[in-house]
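Some features that Swiss-Prot has for this protein:
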{"type": "BINDING", "residues": "G172, D173, R174, K175, T176, G177, K178, T179", "note": "ATP binding site"}
{"type": "SITE", "residues": "S373", "note": "site 'Required for activity'"}
Amino acid sequence: MAELTISSDEIRSAIANYTSSYSAEASREEVGVVISAADGIAQVSGLPSVMANELLEFPGGVIGVAQNLEADRVGVVVLGNYELLKEGDQVRRTGDVLSIPVGEAFLGRVINPLGQPIDGLGEIASEEDRVLELQAPTVLERQPVEEPLATGIKAIDAMTPIGRGQRQLIIGDRKTGKTAVCVDTILNQKANWETGDKTKQVRCIYVAIGQKGSTIAALRKTLEEQGALEYTTIVAAPASDAAGFKWLAPFAGAALAQHWMYQGNHVLVIYDDLTKQAEAYRAISLLLRRPPGREAYPGDVFYLHSRLLERAAKLSDDLGAGSITALPIIETKANDVSAFIPTNVISITDGQVFLESDLFNRGIRPAINVGVSVSRVGGAAQTKGMKKVAGSLRLDLAAFRDLEAFATFASDLDAASKSQLERGQRLVQLLIQSENAPQAVEYQIISLWLAGEGAFDNVPVEDVRRFESELHEYLGSNAAQVYEQIAGGAQLSDESKETLLKATEDFKSAFQTTDGTPVINEPEVEALDAGQVKKDQLTVSRKVSKK
């Protein structure tokens, strides 16, 4: 048997190698303790090094966001079921600031404000994580808003145009069609998406805040049926969710939008609606014992919305020329736009579309009040063709509204006023659109130009919308080249105008009104000159009887 020999030098070397790599440091971990948990807020003691907006982990997988950083405790907004927490539970830091996963795979999906899928279609492959609270682009990183974003709604595209990178407020009472306007805008991006051209495509993000789950499901179904879900992401924080989710939902949508914007893409974000976010933030602030201000809102509620909406921008060419267009929705009470939140958001945005319940109830939909609605970008966000035909539209409608109010008290109107009143009535009908039926820009331009030329003047008011629809079908077959020219960005040429007028007259000769009478322009009768009038001389004689 071989003799076992052990070298003392080898043993000494092995011990030296082990001791040189050994570290006597103990792992350090901050652990806090729950003092109380109620109404979605947890008070935690300890955690002296916690960061603002840091994610904290509670037992059972519940997470929270650190908000109030006080000397002896931390106020935490619980994102989950706070009823699972109890006094004495341990709380651990994660070291991560609030962020969500982002990526191309989020298109067509429904997620919560943490980026987790809630549509039952499985996990989503993310490209990276993006912090929710990011600094908005600086002044030097932006460029002016000059590229139109067509909504498909004539009243908006003609009078209050929206450009890529703009923030346009949609404001009005409940049940006035605010969501319908935004959904139509999403549907109108389908044609651009199908081109496959990155410079034309618009990715859409719909942020649902405090809505019923059934309403969100119905919206998703509408987008899917119309073929718009493939380029849309829905961020949902329904009414049943905790206030923390409703507060964070818009920031989650903005983070996802910024990811695509910095890749050079164009994004449309709809916040439906920021009134509910402000109410959720008010509830959180009051529960955190922050001092209340006007209408019990905290002092930084303006900053809440300004730092969110300032993230909408058109980036400079050096940064890829991407854009975020924001359509925030605000709900008013009794058309009161002077309330705290409406005035805040009006001062932040680049214009507003004001929807009025009286117009909505009269069947004028979208119920846009032209006098109050405005776009601070204006004609810069319109094509040349639209700018030319829509130049006087706002003034014509304003004059019609004044004349309409006067006509209710005046019995006799002169011929010019009657003509203006009748044309205004037809113009109002022309601007009415059905829900989920956006109209391409070339169709809008042709309709508005023909209206300005008086093509609708002798069409009965109740037949105007049907006349327009059937006229476009006819022109699509007989003047298709005109549509193609306008879609390519060209203005209406003299030749195109003659083609449209001739085709319209031909269509009128065959159009039947509701009562079955044809619509034909009566030829004007020219007055004869004095020399052309045949004069008859009449001789009157009186017979005198003889006596």
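Heads up, the Cβ atoms here are built off N, Cα and C, so glycines get one too.
The structure displayed is predicted, hence computed values, not measured ones.
In sequence order, L219, D272, I329 make up the list of same-chain residues 6 or more apart from T179 (ATP binding site) whose Cβ falls under 8 Å from its Cβ.
By the criterion of other Cβ atoms within 10 Å of the residue's own Cβ, the least surrounded of the recorded positions T176, S373 is S373. The binding-site residues in question are G172, G177, and the one with the fewest Cβ neighbours inside 10 Å is G177. Non-local contacts of K175 (ATP binding site) by the CB criterion (under 8 A, 6+ apart in sequence, same chain) comprise S357, F360. The binding-site residues under consideration are R174, K178. Their Cβ neighbour counts within 10 Å are lowest for R174. Cα of D173 (ATP binding site) to Cα of S373 (site 'Required for activity'): a span of 14 Å. The distance from the Cα of G172 (ATP binding site) to the Cα of S373 (site 'Required for activity') comes to 11 Å. Within 10 Å of the Cβ of D173 (ATP binding site) there are 18 other Cβ atoms, across all protein chains. Distance noted between the C-alpha atoms of S373 (site 'Required for activity') and G177 (ATP binding site) is 15 Å.
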